[in-house]
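Colleague: Dumping the structure here so I can ask a few things about it.
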Amino acid sequence: MSYFYRLKLMKEAVLVKLPFTSLPLLLQTLSRKSRDMEIKNYSSSTSGFILLGLSSNPQLQKPLFAIFLIMYLLAAVGNVLIIPAIYSDPRLHTPMYFFLSNLSFMDICFTTVIVPKMLVNFLSETKVISYVGCLAQMYFFMAFGNTDSYLLASMAIDRLVAICNPLHYDVVMKPRHCLLMLLGSCSISHLHSLFRVLLMSRLSFCASHIIKHFFCDTQPVLKLSCSDTSSSQMVVMTETLAVIVTPFLCIIFSYLRIMVTVLRIPSAAGKWKAFSTCGSHLTAVALFYGSIIYVYFRPLSMYSVVRDRVATVMYTVVTPMLNPFIYSLRNKDMKRGLKKLQDRIYR
């Protein structure tokens with residue numbers, strides 16, 4: 001019996017012995033291999049990117065879609081309600097609530113830049129984003145996110161003036177000054193985003209176009225570049241320190257001054273009242289900056305895909321979803337504004 005004939009018989013025997021129950025597993029494996037080959041072919045033949053998302057497990061895609069859809073709707077509806085509630089109640093027409101209404105608007109924009117594309121990718125096979133779409137997402141993500149941080153700093157300054165210098169509050173925090181603070185926050189944030197996107201657009205991308213994240217963030221995209229990214233990484237770290245740390249230090253300084261002033265108040269009731277006006281804002285600051293500091297303020301060599309995804313979900317989805325509850329649950333003025341809005345709707 002020839003060698004080739006014996007080899008043919010052995011192959012047929014193996015096929016006969018293959019259990020029928022293993023066929024679905026075999027088909028699933030072949031399908032996955034085919035999909036992986038399609039992704040590799042796509043990434044090597046176009047200028048687009050593949051977003052791997054939160055998980056590559058096909059069985060988790062629909063549950064994750066449902067979870068993030070609910071979180072997005074809660075964030076959108078909650079922040080949308082905050083804005084008319086503030087503007088419908090004249091007693092909420094103060095600098096603090098002016099900044100809060102704009103923070104709610106920025107939170108809506110911030111989550112909308114990320115989550116809708118994320119939801120589409122949960123139900124998609126290839127999870128494609130174009131090169132221009134990736135840069136656009138990066139630009140608006142940073143613009144709205146940085147504006148959020150400056151608005152949180154503006155709210156801290158408002159509390160500082162209200163508690164430490166109440167007699168000059170109306171002069172310092174008059175509407176014109178508040179509007180200038182808002183315009184300054186937006187201008188600095190958009191200039192920062194433009195600079196970052198121009199820097200990223202100069203990078204070259206070779207074989208792999210697969211981003212190990214659920215959106216186009218700076219560090220995952222830098223990881224893909226076949227250019228020398230040492231200078232880009234240094235510039236990114238430096239200007240990130242300038243843009244993000246500056247409002248954070250402003251918040252820290254404001255609350256240190258507030259703490260010193262409050263501790264000098266003789267009555268316990270007065271101390272509690274002063275601290276209670278800052279509690280919700282401090283909670284929002286801790287949620288927002290805690291995850292941002294973890295994600296951005298460490299070297300690229302320490303980048304971890306899983307931990308970064310979890311931390312990024314915290315400040316891109318969870319914090320905007322929780323902010324309306326944080327600012328309204330223990331706030332009598334906001335509760336009154338929401339009640340007045342409800343009465344107008346159902347009148």
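Glycine is treated like the rest: Cβ placed from N, Cα and C.
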Colleague: Looking at Arg307 and Ser124, does Swiss-Prot assign them to the same side of the membrane (meaning the same named topological domain)?
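Modeller: For Ser124 and Arg307, the topology recorded in Swiss-Prot gives the same membrane side.
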Colleague: Out of Asn41, Asn102, which one does Swiss-Prot list as N-linked glycosylation site?
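Modeller: Going through Asn41, Asn102 one by one, Swiss-Prot annotates Asn41 as N-linked glycosylation site.
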Colleague: Mind checking which residues reach the topological domain 'Cytoplasmic' (87-94)? Cβ under 8 Å, same chain, six or more beyond either end.
Modeller: 101, 333-334, 336-337, 340-341, 344
Colleague: Which residue counts does DSSP give the topological domain 'Cytoplasmic' (257-273) for helix, strand and coil?
Modeller: 13 helix, 0 strand, 4 coil
Colleague: Using a Cβ-Cβ cut-off of under 8 Å, list the residues of the same chain that are 6+ residues beyond the ends of the topological domain 'Cytoplasmic' (257-273) and lie near it.
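Modeller: Distant contacts of the topological domain 'Cytoplasmic' (257-273): 159-160, 163-164.
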Colleague: What are the DSSP helix/strand/coil residue counts across the topological domain 'Cytoplasmic' (158-176)?
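Modeller: The breakdown for the topological domain 'Cytoplasmic' (158-176) reads 16 helix, 0 strand, 3 coil.
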Colleague: With helix taken as DSSP H, G or I, strand as E or B and everything else coil, how many residues of the topological domain 'Cytoplasmic' (87-94) land in each class?
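Modeller: Its residues fall into 5 helix, 0 strand, 3 coil.
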Colleague: Across the topological domain 'Extracellular' (196-233), what does the pLDDT come to on average, as a whole number?
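Modeller: So the average pLDDT across the topological domain 'Extracellular' (196-233) works out to 82.
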